[in-house]
Structure formats: C-alpha cells, structure tokens
Amino acid sequence: MSAPEDEERLLPLTQRWPRASKFLLSGCAATVAELATFPLDLTKTRLQIQGEAALARLGGGAGEAAPYRGMVRTALGIIQEEGFLKLWQGVTPAIYRHIVYSGGRMVTYEHLREVVFGKGEDKHYPLWKSVIGGMMAGVVGQFLANPTDLVKVQMQMEGKRKLEGKPLRFRGVHHAFAKIFAEGGIRGLWAGWVPNIQRAALVNMGDLTTYDTVKHYLVLNTPLEDNIMTHGLSRGLLYKSSTDCLIQAVQGEGFMSLYKGFLPSWLRMTPWSLVFWLTYEKIREMSGVSPF
C-alpha cells in the first residue's frame, strides 16, 4: 500500500469523510434541540388543527369536539386528558425529520459557502451569497425530509383522534410510513412538499444567514473569540393543494386563522435555534471539526 493511502487511513473519520461527519453531527445537535422544545411544536400543531374549516366536511358537529384553547390551556389539556408524556407524542418521527432536514441543510449550506460561492481573500462571505445559500439549503433539506415531516404531523394527531373516539390509524412510526406509502405511493410521502420547501427557504434564509453573518462579523470585527458566548449571541388529504388550503382557511375561519399557533411556534424557534447552534458548535469542537 502506498504512503498516501497509509496516511489517509490514519486520519480521523471527520477528516476522511467530512460531509458525512457534519451530517451526523448536525443530526445529533438537532436531536437535542428537538427533545428540548418538542412540546411547543405539539401545542402549535394542536392549535392549528382545532376548528379547521375542513372539519365541516367530516360532519357539522365536528367543530364542537375541538374547542379553541390558548397555548397554555392546550398544553395543560394534553397533560390532563392524555398524560404528561403525550407532550412528546410524535417525537420519534420529528427526530428522524430533523436528522435528515438539519443534516441536509447544514451540509448543503457549507458546501455552497466553501466550494460553490467561496469566501473572499479577507475570509468575508457576502450577505447576498449567504441569503441565496440559506434558501437553497432550506429547499434541499426540506425536500429530503418531507416524508418524515408528514409522518410527524400525522403521529401528533393520534392523541386527538383517540379522545374523539376515532380509531387510531397507526401502530407506530414505521407503520405510518408503510401505510402512507401503500395508500399514496411515493408521491404520497411528498404531499405538501411545495409549501413546505417555500417555508423552509424563508426560515433558513433567516436562520442560517443570520447566524453565519453575525457570528463571523463578531469574530472578525470585535475582540470576541469563536466560543460559546459568540455562538449564543449569533444565534393533505383534506385539501387539493396549498392554495386550496389557504382559501378554505380564510373563507371558513377568517384571515387571522392563518396565524393560529403563531405564539408557540415563535416561542419555540428561539430556544430551538439556541440549543441547536450551541450544541452543534460544541460537538464539532469535540469531534475535531472546524467551527461553522
């Protein structure tokens, strides 16, 4: 065996397979963040589902079975009616989703930043490149993760179906994947992917662009070092299409119905991003991978 091959075998795995390593590390960080903030995601989903105009299709009295409740009352209601651990119902597919989603978006963004667009000689990465890279990374990550995203939401609603006396649809995560695939084929697993990637593009334009730009600005232009302080500072079956969903929601419940679940969603994004970035940067450091 030649000397270069011997040297390559002696390199750490993070250097031999850098992209695969970053994918796994980001997935680990996303798992920690998801476990810490998942109850808020479940509460948001329950608030958004309650009182949907689409319930009218299932019977005139369906709306009475799901009264509107605020964020706190919804969370307390889940605990009282279903049990404390039900706040994490659907967390397994959510973790699957974020391993794929976060891994895909982080690897894509770094590849675009380091290889496709490239930094300037002064190590400066222009904002416009960061914006485009963030949006493209969000699209790739969400498209890859759409099947797990779909299963996550379906699993979250199983507790509500049980309370309404309806039979449970799934025995578990893998059964949910198999059933959705059997009923809708490969296209069924990507139901709703268009609005999902649109949202992901905007979310990552804000998340990745903000964190990357602010962090490197602080490191290059202030006495702050690349440490935890800097990291903390930076921080369809009922609808024919996304347009059909939008029209029915506004017609049936008014424009403000589009913002149901906004508060828990907003409250979740800040701690999720904080936990994710702090964890991600730390495990990169522990694994011998250069800071993001």
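Note that Cβ sites are derived from N, Cα and C of the backbone, with glycine treated the same way.
Taken from TrEMBL, the feature repeat 'Solcar' covers 21-115, 125-217.
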Q | Tally of residues which DSSP labels helix, strand or coil - the repeat 'Solcar' (125-217) | A | 78 helix, 0 strand, 15 coil
Q.
On average, what pLDDT score does this prediction assign to the repeat 'Solcar' (125-217)?
A. 86
